[in-house]
Amino acid sequence: MRHVPRKRFGQNFLRDPGVIQEIVAAVGPAPSDRLVEIGPGEGVLTRELLQSGACLEAIELDRDLVAALKRRFAGVGRLRIHEGDAMKFDLRTIATGERLRVVGNLPYNISTPLLFHLFDQIDVIEDMHFMLQKEVVDRLCAGAGDDHYGRLSVMAALYCQAQHLFDVGPECFHPQPKVVSAVVRLVPHAVPPDAGMVKQVSAVVVAAFGQRRKTLRNALKGLLDETAMVRAGIDPGARAEELSLADYVGLSRQLNP
């Protein structure tokens, strides 16, 4: 099954058998699992996941690939293919009381907004394993003070624990991307954050990192005054990249003290 990659869909197909096996080993699918694969593409990972005996829901936007996947996997395993945009897909419609294990080689051009879309559905997700641009994985896994630390780092940490698993070179794909990729594991916290907390933390984080070269005293002006920052135990002279998730949660609580 060979498909001409479409640039507008951000298609870079994984072709390296060794990397595919590494991903499957990292996921460790079991027959009792309910898997969701985002962007199955040519089905190379799909095939290996199905061999575990797990139930697999595949979400693919490219109608030509959907048709090819249906032909290739007709009568194979427990597979259901959904033609549609993962950015608009509601996982709760297929969760039916079960938590989902989500995997995929995500299109790099929409990876960050897609991650936030999935975070909004974190209550039905058991874990996630994704191939992403290495820079995005570095941001997901960064802690306060790290070079890659930013808005994505803080918001991801609010929802889950991120773990960088391994890097993947451009030569493992067709066509070859211009960047190094990496596989990340995201495990949601036992208790997901409530919508109110997410909204407040996001407001503080966006303001802080929107002017990251400024001190919080200036970056958060109009949102929080210095008294509120001190009350939260935060130095108004600090900068966005110096604060941990706990610090941002503390600041967010000062929005409605």
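Cβ from N, Cα, C; glycine included.
The S-adenosyl-L-methionine site in Swiss-Prot is built from Asn12, Leu14, Gly39, Glu60, Asn105 plus one of Asp85, Asp127, Asp138, namely Asp85. Each of the binding-site residues Asn12, Leu14, Asn105 was scored by how many other Cβ atoms lie within 10 Å of its Cβ, and the smallest score goes to Leu14. Shown are the binding-site residues Glu60, Asp85; the one with the most C-beta atoms within 10 angstroms of its own C-beta is Glu60.
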